[in-house]
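Undergrad: One structure coming up, written as structure tokens, with questions to follow.
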């Protein structure tokens, strides 16, 4: 089977036509446990890639490794051709690879707008001495605020602009964290379970936002358990189990893959898990 | 019993140089804890660096007043680097352990007999403020009105101390309203989130440690100008008084520490005066006059407990922004 994303047939660790992120031999051991052991993986540029797998498959650990939040036992990886192994997490972010967290990290005691402004890059006023001289950073601050307000409007958080992030609901915090990540205008957004804990009523708008990202040319890599979301918005699916990549390919093809059914879907292979969340969403309305 | 004297003494604490010094140290601690979330339990050490750095520079190296202040500030930055480099990459608890230990180490070092020629050992240092009083712009005389009436020397040290408090307040206000302040407040909330947004969290924590420490050092200088340098002043208890003052006023505020310091010193003076008066008049029979000193700290402690229960954000704090919940 051929597609426009991989070179040749889709198989675990296959080569991509235009990869943005390429990782080799990335492994992470916690004592005797090998949490991640990825021989080779490429993330296609400008596409939405889903990273799925059962609990404990090493998805979040792989995220942490790639973004510099954890140090691998072995491995190298490049982002847009730049070697990222051993690079500090904040430098990874500055290169345009921004992640979110499974447990939302909204800065509760900062207002929503301040959360957003914090996401912006290249604000001179964030330097120690420049901070004292307002004219040095006022223009940038105005530009950042404008950009933040626009994003808040898109994410329907503009009414909450001056509220503390602590007063937002769980789903709104997910939205805020995603919007904040976009302030940096990243080339690659890595979303760790963007749907976890989100009210089904918000699911659709979150899905739309992720699709918008793609149409703006941003590459998206996300970890998700919600099969409905994986099926409907991803262009490519990578399946992990026990630290390894066991399958990849377009969603329709991957869902039929015997390795995936064994590793992930197990006994529930014949149930479209997606229908569950759709049904709840309808009931809510 | 002269009650007007008791209340006069208490009111005089409002503008005393000691109140100014404690306010300054508490503003520094607010930068550390209230804004950045750094658990610094060694603010007494930064004050000791101010006191000793200043006094030793003047007495042993013959430096001028301003040079001695500059030397203290350089020492303060070095001390912050020594504390910060190994600990700021770790969890916040480690900074707490290291700062409290470093403060004690410093106190033992300055009071050791082998350094007697330099630091005066356990008897401390005095006579280093001659130049400070020589540059006093106020002519000899009595100034202000009861209960704040002071001599020209007392006026000069008050004007100097409170001017530094005012400058520090403006500095911290400007910093915290800037994008730099936004980043450190973000670090207080969740440093991984701030890191994921491309900020060098370690560098910001270091800058904050240096800034708050420098204010503590200035506080140490203001504190010793009207008195001698005594190693016994820089015990861990001093650090906890500074914490009390900061929490009293509100940790994430700039004016809180100033008002906190005023309340702290007025209450200490008032409880001492009132208890002394009541004991002398025979109203309180179960206490002797020597027991009053410790008892007032018990009362202050009860007051702090009440504060934590009923107003955890401090007097000026915003309950939504920061509570006493570490």
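For all residues, glycine too, the Cβ spot is worked out from N, Cα and C.
Automatic, uncurated: that is what TrEMBL annotation is.
TrEMBL lists B:20-38, B:45-63, B:69-87, B:94-110, B:155-176, B:209-228, B:234-255, B:262-287, B:293-310 with the feature transmembrane segment.
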Undergrad: Answer with yes or no whether the transmembrane segment (B:262-287) touches the transmembrane segment (B:234-255) by the criterion of at least three Cβ pairs under 8 A, sequence separation 6 or more.
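TA: Since 3 or more Cβ pairs under 8 Å link them, the transmembrane segment (B:234-255) and the transmembrane segment (B:262-287) do come into contact.
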Undergrad: Per the 3+ Cβ pairs under 8 Å rule, pairs at least 6 apart in sequence, do the transmembrane segment (B:20-38) and the transmembrane segment (B:209-228) touch?
TA: yes
Undergrad: Name the range, of those listed as B:45-63, B:94-110, B:155-176, B:209-228, B:293-310, that has the largest tally of Cβ pairs under 8 Å with the transmembrane segment (B:69-87).
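TA: It is B:209-228, which has the most Cβ pairs under 8 Å.
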Undergrad: Are the transmembrane segment (B:155-176) and the transmembrane segment (B:94-110) close, by which I mean at least 3 Cβ pairs under 8 Å that are 6+ residues apart in sequence?
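TA: Between the transmembrane segment (B:94-110) and the transmembrane segment (B:155-176), which are separate recorded stretches, there is no contact, as judged by 3 or more close Cβ pairs.
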Undergrad: Among B:45-63, B:94-110, B:293-310, which stretch has the most Cβ pairs under 8 Å to the transmembrane segment (B:209-228)?
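TA: Going through each listed stretch, the top one turns out to be B:45-63.
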